[in-house]
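Annotated features in Swiss-Prot:
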BINDING   Asp105  Mg(2+) 1 binding site
BINDING   Lys493, Arg496, His525, Arg542  isopentenyl diphosphate binding site
BINDING   Asp532, Asp536  Mg(2+) 3 binding site
BINDING   Asp532, Asp536  Mg(2+) 4 binding site
COMPBIAS  429-445  compositional bias 'Polar residues'
REGION    4-359  region 'Sesterterpenoid synthase'
REGION    211-214  region 'Substrate'
REGION    259-263  region 'Substrate'
REGION    360-774  region 'Geranylfarneyl diphosphate synthase'
REGION    423-445  region 'Disordered'
Amino acid sequence: MDTISDVMKHCVPINYDDYDPLPADHFSTYPVFCSKATAEAIEASAEFTRKWKRACEVDGLHQDKLSFQACTTHLGHYNQWAYPDCVPERVSLNAVLSDCAFFWDGMSPVTGRSANVMITSPVDVSDSISAEKMNELTQDFGIAMLSELQSGRRIEPKFEINKMAVQVIRDFIAVDPFTGIGHLKEWKGHLDAQKKSTHNNMSWEKYVEHRVNESGGNWGISVGCWTNDIRISDEEKESVKYLTQLACAGGILGNDYYSFPKEFDEHHRSGTLDRIQNGVALLMREYGYTEEEAKEIIKKEVIIREKKWMDGFNAWSRQAGPETGEIRRYLVMTMALMSGSMFWMSHAGRYHRTDLATTAEDRATLIGKSRGALRVLEGYPPPKNLEGIVREPLASAVQDDNGHVQHEDAVADSSVRNGVHDAFKKSNPRNGKQNGTEGSKGTFTNGGYVQPAKLQQHCTSINSMAIYTAPFQEAAGDICDAPYGYIDSLPSKKNRNKLLDLLNDWLQVPPSSLKRIKNIVHMLHNSSLMLDDIEDASALRRGQPATHTFYGISQTINSANYIYVHVVDEVTRLYNPECINIFVDELRNLHRGQSLDLYWRHHARCPSMEEYIVMVDNKTGGLFRLMLRLLTAESSISRPFDTALSRLLTLTGRYYQIRDDYLNLASADYESKKGFCEDFDEGKFSLPLIHLLSHTRYPDRITSALFNRKPGTNLPYEMKRYILAEMEEVQTLAYSQDVLKYLHEELMHALDEAENRLGANDGVRMMLLGMGPKLLLC
């Protein structure tokens with residue numbers, strides 16, 4: 001069995017005697033390796049830094065502290081430890097890529113984004129720029145890079161730093177297109193994941209899970225595949241994902257350990273302390289630990305994961321055959337990335353600044369600043385100083401009308417998690433006081449349902465007859481809100497809100513109307529998902545249990561319908577009275593589209609492609625049309641409904657649905673969130689299934705397997721594999737890819753037409769380019 005050192009070809013184990021002084025704060029237990037080509041990396045970084053400074057001057061950007069953000073330290077270069085086994089001919093370009101990523105991140109304004117080991121690390125506020133300027137830079141870079149990648153159309157960026165960054169990516173892909181494209185896919189996935197959630201009011205376990213999913217770990221690993229020239233399939237990566245995720249978790253928590261003072265300082269200066277996303281901060285805020293206690297916990301958690309990784313790797317090695325050599329290199333590279341990053345962070349100026357404006361006393365103000373009662377961290381003693389701290393009580397469990405267990409704390413906390421809906425409730429004068437306050441309504445608390453004070457006056461004894469003649473009392477909304485609050489708390493990319501903002505660049509809707517339209521679309525979308533999951537018998541939604549698995553079918557339906565009432569109320573508050581007619585019109589279309597889907601499934605009737613498109617335009621396209629029509633109705637500029645924009649949104653709805661159909665069968669990430677080929681379990685007539693039934697020699701076999709099952713049972717795994725094999729034989733997935741490529745080209749043509757009529761919209765262009773099939777299908 002090869003040892004870890006045997007796998008390394010271009011590096012040697014670190015000699016701690018070579019480092020003076022030795023980093024005092026280094027605690028990782030992983031072995032650390034050092035590249036034999038350190039000088040080349042340092043030289044390449046120095047030259048790139050000089051060019052970047054000149055480009056910043058040309059662009060008028062304030063970047064006078066690059067020395068704190070660069071990869072080079074007084075002991076060496078980040079890459080010599082993080083990517084020690086980089087093949088010699090790629091060392092210089094890899095050094096440039098790392099510096100480019102750090103410098104770019106250094107300009108980002110502090111808005112609550114994550115700080116990551118491999119790509120986005122803490123930055124100095126004095127070097128950051130405004131959100132508006134950063135948005136302009138990002139769009140300039142994104143359009144140039146994605147246009148070239150998706151369509152081969154080369155567009156030179158306007159900013160000098162973007163010209164440098166785009167050239168780095170071009171060189172990166174040119175050296176190795178296979179791993180280069182894979183790297184870009186992971187980079188985009190990392191950026192998408194960062195948009196999904198913040199970490200306020202989150203448990204430690206959930207925090208670690210979220211950080212692994214949203215951090216730059218997979219991005220850094222994909223760079224490692226490029227640096228080390230590792231050729232590994234997605235299936236092989238998936239087979240050892242449990243080990244790479246374990247390594248990433250340790251590295252991410254290590255980053256939290258080293259970066260906390262820096263991150264706190266950034267957020268304190270920018271007034272965003274409520275959005276700091278760091279494990280030390282979470283343990284202080286949600287669990288009441290001091291900074292020292294929290295850092296000790298983080299350190300233990302890192303070491304635990306490192307030991308588990310080493311044990312897991314050794315166990316895997318004992319049973320791995322000679323054909324797994326590339327997987328072994330992949331795993332060792334991942335471990336080296338984490339160990340090298342930890343060594344670098346233990347002494348890099350980026351994490352050990354002496355010019356912070358805040359102190360340990362300032363950071364201590366986070367202790368106990370949770371939104372509710374403090375949590376208890378399993379496996380660790382409570383904070384030493386518990387004076388004045390209220391521990392979170394254990395939630396009592398109740399059963400709903402369908403016998404499903406639900407926790408009362410989930411109900412009581414729903415308004416905390418539900419940002420959009422909670423904002424609506426606060427602005428609605430028809431709603432009474434909530435969550436334990438006395439008013440005309442009852443409340444649902446950890447002690448159970450509490451009667452309103454007025455009603456209690458009529459019920460002085462259990463045998464009182466007064467309750468039968470008491471005045472009307474409006475019931476509390478907590479129980480009705482709870483299922484919606486749950487689905488609204490799940491991670492989401494918020495793409496519809498983003499699209500609304502981008503369309504508004506054309507339509508110029510007043511801020512108050514735009515906010516209401518966002519609420520309308522958001523609530524309508526989530527309520528439709530609650531109903532869809534019931535109608536499709538889906539067990540998962542966004543990688544978490546579907547709403548009805550917690551709250552039961554009856555309560556979930558009631559909550560979804562209750563949200564429709566809220567949506568109608570919001571629509572009536574828009575300025576243009578025509579908005580209610582628009583809403584009714586598109587809601588009618590949405591339900592008609594859904595009825596087609598359900599009808600075909602119930603009667604096992606395969607629709608034609610033309611019928612499928614009609615269903616998509618009504619069901620999926622309904623929300624897109626609703627967005628556009630409401631924006632147009634509320635627009636502050638006199639402009640008729642634009643047909644070019646309407647076509648753009650129609651094609652966008654089709655692309656979303658067909659992409660979803662394809663990913664359901666072909667994406668490992670989708671499988672983790674919804675299950676393996678879930679559309680087969682639902683009996684859904686997706687585009688791939690319609691194509692298969694139109695081309696296979698044995699359509700009856702497929703329909704018999706799909707529709708002659710015991711209700712409520714999933715299609716057996718072997719049958720799913722059979723259907724996928726049949727799709728392979730008739731090239732169904734290849735056809736789906738061709739449709740997506742064609743549809744995306746038409747989308748971009750429709751955007752060109754819309755821009756010719758309405759003016760350029762870089763935000764919409766970047767968003768649509770980012771959805772393109774090149775990254776999706778690679």
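From the backbone N, Cα and C atoms, a Cβ is placed for every residue, glycine too.
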Task: Using a Cβ cut-off of under 8 Å, list the residues of the same chain at least 6 residues beyond the region 'Substrate' (259-263) that approach it.
output: 115, 121-122, 276, 278, 280-281, 291, 295, 345, 350-351, 353, 356, 358, 363
Message: Other than Lys493, Arg496, His525, Arg542 themselves, what residues in this chain have Cβ atoms within 8 Å of the centroid of the isopentenyl diphosphate site's Cβ atoms?
response: Ser492, Lys494, Asn495, Asn526
Message: Let's check the environment of His525 (isopentenyl diphosphate binding site): how many other CB atoms sit within 10 Å of its CB?
response: 14
Query: Here are some binding-site residues: Lys493, Arg496, Arg542. Which one has the most Cβ atoms within 10 Å of its Cβ?
result: Arg496
Query: How many Å separate the Cα atoms of His525 (isopentenyl diphosphate binding site) and Asp532 (Mg(2+) 3 binding site)?
result: 10
- prompt: What is the number of residues in the region 'Substrate' (211-214) that are helix, strand and coil, as DSSP sees it?
  reply: 4 helix, 0 strand, 0 coil
- prompt: Including all protein chains displayed, how many Cβ atoms other than that of the residue listed as 'Mg(2+) 1 binding site' lie within 10 Å of its Cβ?
  reply: 19
- request: Run through the region 'Substrate' (259-263) and tell me, per DSSP, how many residues are helix, strand and coil.
  value: 5 helix, 0 strand, 0 coil
- prompt: From the Cα of Asp105 (Mg(2+) 1 binding site) across to the Cα of Arg496 (isopentenyl diphosphate binding site), what is the distance in angstrom?
  reply: 25
Field: Nearest-integer angstrom distance between the alpha carbons (Cα) of Asp532 (Mg(2+) 3 binding site) and Asp105 (Mg(2+) 1 binding site)
entry: 39
- line: For Asp536 (Mg(2+) 3 binding site), the number of neighbouring Cβ atoms whose distance to its own Cβ is within 10 Å equals 19
Message: Based on the record's binding annotation for isopentenyl diphosphate (Lys493, Arg496, His525, Arg542), what whole-number value in Å is the widest Cα to Cα distance?
response: 16
- prompt: Going by DSSP, is Asp532 (Mg(2+) 3 binding site) part of a helix, a strand, or coil?
  reply: helix
Query: Including all protein chains displayed, how many Cβ atoms other than that of Asp532 (Mg(2+) 3 binding site) lie within 10 Å of its Cβ?
result: 17
